[in-house]
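Engineer: Handing you a structure now.
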Amino acid sequence: MIYNLSFWRILRISIFIIFLFNFTYVCNIKYNVINKKNVSLVSDTLICREKRQKWWLWKTPSFLKRHSFSRIIKCCDKEQNNIGHFKKSICSLNYIPSFNLLLLLKKWEGLIKKKKNNHNFYEIAHNKITRNINSNWHLSGKGDINDYTKENDSNIYKDEEYNKNQYNDNKNDDTLNKDIVSIANSNLNNEMLHKYNIEQKNVRNFCILAHIDSGKSTLADRFLELTNTIKKKRMQDQFLDMMALERERGITIKLKAVRMNYKNYIFNLIDTPGHFDFYHEVKRSLNVCEGAILLIDGGKGIQAQTLNIFLEIKKHNIKIIPVINKIDLNTCIYDKICDDLVNKFDFKKEEILKISAKYGNNVENVFQRIITDIPYPPIKSNTFFRGVVFDSFYDQYKGVILIIKVLNGFLKKKQKIYFINSKKSYIIQEVGYLTPSMKPTDIIYQGDIAYISSNIRNFDDIEISETIINHDVVQINEQKKKIHINIKKSDFYNTLTNTDQHISNAINSDMDNPVSINFDNKENENLINIKETRCNPEYDLHYSDKKDVVMETNTIKEMSQIENSNIGTDKMHEKNEEFDEINIKDIAADKIDIAYPSVYCNIYSMNDKKCKELEVALNKLKLNDTSFSFKTDICETLGKGFKCGFNGLLHLNIIQERIKREYNVETIITAPSVNYLVKVKEKYIDKKLKAKLIEKNFDINSINIDVGNSESVKKEANETKTQNGMFFMTSNSNDIPQKNYIEHIYEPYVKTNIITPEEYQKHIMNECFKRRGIFIKKEHINDQIIFTFDMPLSEILINFLDEIKSSTKGFGSMSYENYIIYKQSDLYKIHIYINNKCIESLTFIAHKLNYQEKSKTLVSKLKSLINPHQFLIVIQAAIGSNVFVSEKIKPLKKNVTAKCYGGDITRRRKLLEKQNEGKKKMFTIGKVKLPPGIFTKLFNIKDK
């Protein structure tokens, strides 16, 4: 009992001492202010409400830290009487928040309840990003202010006997500074980036490029093994080829990014496809890498795609490491390939590495060359975040996942980002690295290849090569622009207080240092009147709706005079004309080259009920495939479908197969076609054709036309209607009018490279001339020849590569550039009729030199693919009304005379005549059923 009494006595004495200490501390500050010690130094800064009683200084650490006053606490502790130093500390932050939040009025006997109608604060909202927001707090490593205060604010208000409504009122007052406080301190950014720049010099971004079947995925497997990125239990061949189609066909379809750690280095590897139908994936990879491994098959040597890839790498001006793979083969021609690389590609012999990716021989040497030869990502001084999207995919839980390269700055969760092209804003939900599965992290830095998730569900908001920046940059730019315009319009300069001048000058001069102002000179100080000010929506410096006064004495009256701390200030905002606006488009990343579709066809769902599912599937596939495009199309026979663009027939087949496997939608595809440029004679334009032409109008300046007087043609085509006719572009042969309506048709040509052994050059020449190729040049590399032809795109789509392979016994290879030139051609529109009914989906365009051969081949294939019916089927090919090819499918036979085993012959004749009449009737009204996969078989869209 005695112990308890002594304990309570000691506790009471301790509480009294603490209270007395706080009371003395506050009274000391209050005494200096009330007795006008240095009042001229703070009179225009310490602004609060008028009260008849004494004042109380709010000094709760959580409150002050939340509003960036940690320096003020420190200064007050050291020099309690130096109010001038107190003000310098505020200004030296380059950040002046609402000062009503600094001083909270209280009665000496108790708290004054804060009523809404008595809310007469003089609020100064800065709305400008600051470079020194509470740097002491951040750099001390104690965490985020918001995280610290989130737990403590509610308890602080409760401890001060605020009720729930009062707490909410105070929280609403604090929202003025919420956005500003959340902006990262640029000094902190610089320190973080400086720390990371040391590590950034150990980052290497590179990709593996090669012709198909050269061992790219196998080399990537060895990289994963040697860096211990994947555990041995999980490791399997072609690990990065995660799609089932890739494993079945043994080809890479999509680029794959993976982050690996090797010793003290970070390797960001991108594995790319080798087939030229997916060449756009290679281009995207080169845009985000500082180096590339050029892999060559040791058994086959330099191939057509190897040459194209080398030229593409040279355009991007990045470091190339030549590597010869498959040296373990007995047929390896290492010396010959070395000579070709030295003579043709200007490599030095000591630069060329030889490895066996299958067995891992010499792969460690590749790592050393990556470290020494490939430069680290460029280090930029800009601290704001900027990144470029080079790939994306859809996750059913997280929405659209973006794969980006961080160009400068850093990005972390809960930051708000802005898409420059789509002008959309999102909040980051997750950031992380691909290892190769998604591994979340707290923050990503410049130079990193990483993924971000923002729960994006609208597919149209995202496009490849989109530039992402920190939303604060956009917000600050708009605020600076608004302040500049509003202050420029303002006639209110001379009535603003001295604090307003510091804010505006700091904003308009990119935050001049207010510490340089002489606050201690009190000679010849001017007197200004405190006038009634009301809220003006035009100003970015907001004023209270009530009357504002300045604390001067114990009792303050309206319209009283105070001393101005600055000398000779006649006009405020002298620097309001100086304003550097940030052009958001100027900070956008360079546009990534996008491969536009070269092959078009229509896709329809076999089940009309799944048309919506087909559209969703196409949207998701379009996310990570820049060369794939689609739009809605309506067909009379097949219903609603989609006109789709592809980069080749293999690309078409892959998309069709992915729709079937991943989205469970069976589809029908029409005949593949290319874009034709058509010029129509004006006198033959009817209303129907005119409506189509208006829909097809485009800027012909973006089209490369190979004609004698191309400039005059382009100038003529830019006008929608001219004396000679109109231009339009279409891939649908049904949109092309009759021959006599057309003045010219322009056909797309592409530059094609064919590499073959010298002994097969005659076969290659014959095949190219047969397909209307235009010879350009040929080059010799040892015993191989590189042919360059201008080939019609429509001719090389179907079976051309197969013919090259068969002509050269598998040693030849072919690739073409995705650069199209339109040449004038004599083309015919071929209609296919089945039982006198035109089948629009089978209509095609052919040249006058081979239209008969193509038509005969197509009709004979149709005859073999269509099953016999109970009536006669006639298949015809025609140009207009002129039928030049015809085939018949005989009807199924039924022995109607089998029951006539005797009697008069007239009975047998009557039964046969009745059968013939029925077949004639069925011929006119019967419908021919075409097999679902007829177009795939008809146009040889094979699984290559």
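Every residue number used here counts from 1 along the chain in the order it is shown.
Just so it is clear, glycine is given a Cβ too, placed from its N, Cα and C backbone atoms.
Take a look at what Swiss-Prot says about it:
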type	residues	note
BINDING	210-217, 271-275, 325-328	GTP binding site
DOMAIN	201-379	domain 'tr-type G'
Engineer: With DSSP assignments reduced to helix, strand and coil, which class does LYS216 (GTP binding site) get?
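Structural biologist: Assignment for LYS216 (GTP binding site) reads helix.
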Engineer: Have a look around HIS275 (GTP binding site) and count the other CB atoms within 10 A of its CB, chains all included.
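Structural biologist: So the Cβ neighbour count for HIS275 (GTP binding site) comes to 22.
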Engineer: In sequence order, which residues at least six apart in the same chain have a CB under 8 Å from the CB of ASP213 (GTP binding site)?
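Structural biologist: For ASP213 (GTP binding site), the qualifying residues are GLY250, GLY274, ASP297.
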Engineer: Between ALA210, LYS216, THR272, ILE327, which of the binding-site residues has its C-beta surrounded by the fewest other C-beta atoms within 10 Å?
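Structural biologist: Each of the binding-site residues ALA210, LYS216, THR272, ILE327 was scored by Cβ atoms within 10 Å; lowest is ILE327.
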